[in-house]
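To start, the structure itself, in structure tokens.
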Amino acid sequence: MSLRPEMKRYTYRLLLTFCVYAIALVGANMWFRHAPPSGLLAYVVAILPALPIMGVFVVIGRLLVEMRDEYVRMLMVRQSLIATGFALSVSTAWGFLEGFGLVEHAQGYWTTVLWFAGLGLGGCFNALTEWRAAR
Amino acid sequence: MNNHLRTLRAERGWSQQDLAERLDVSRQSVNAIETGRYDPSLPLAFKIAELFACAIEDIFVSPSKG
């Protein structure tokens, strides 16, 4: 079965943001290693790898807007909500553990990693509900 | 929401995939609607009704009427 046009656009945009992310991450690391920028430029360079990751959220948002199949859209919204709940819950719990000196400090971007892991959990939840309904 | 979609589809000899293609949705969506796990939006309900040349209430059973 061929991919729907909105899914093709989503895949293309996602690949593009990941390529930009890889370039920005390697570039920023090399910049800081070989000729560390200072002042405002340092902030700009340091935030460069974050921009394509922010772009991923825009890409996912665009897919939700463009998706014509409302049931599949509902499944994806549910998956995203599970991811959001999971990422925020773990981050909050970690924050308190860190506050009481029980765990090491974790960089803020781990929340995004948790969110993507949460998408996997949401996907499993959707698959499980579909499987139970099909029985 | 209960509905008569499966019966109407079967009367025409269509598979879920056939109906999905006619409605421009996924087979997954057709299955979810048929089994009452998902209530379609009003535009999709109208599209379904128009495809079967029925009124919406001839396909979908009002929750208040069981």
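Heads up, the Cβ atoms here are built off N, Cα and C, so glycines get one too.
Annotations in TrEMBL come from automatic prediction, not curation.
Look at TrEMBL and you will find A:12-34 (among others) tagged as transmembrane segment. Under 8 Å from some Cβ of the transmembrane segment (A:12-34) lie the Cβ atoms of residues 45-46, 48-49, 51-53, 55-56, 59, 62, all in the same chain and six or more residues away from its ends.
Here the transmembrane segment (A:40-65) has Cβ contacts under 8 Å with residues 6-7, 9-10, 13-14, 17-18, 20-21, 24-25, 27-28, 31-32, 73, 76-77, 80, 109, 112 of the same chain, all six or more residues outside its ends. The annotation transmembrane segment is assigned in TrEMBL to A:40-65 (among others).
Outside the transmembrane segment (A:77-97) by six or more residues, the chain places 60, 64, 103, 106, 110-112, 114-119, 121-123, 125-126 with a CB less than 8 A from a CB of the stretch. TrEMBL lists A:77-97 (among others) with the feature transmembrane segment.
For A:109-128 (among others), the entry in TrEMBL reads transmembrane segment.
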### Summary
Per the Cβ filter (under 8 Å) with a sequence gap of at least 6 from its ends, the transmembrane segment (A:109-128) is approached by 50, 53, 75, 78-88, 90-91
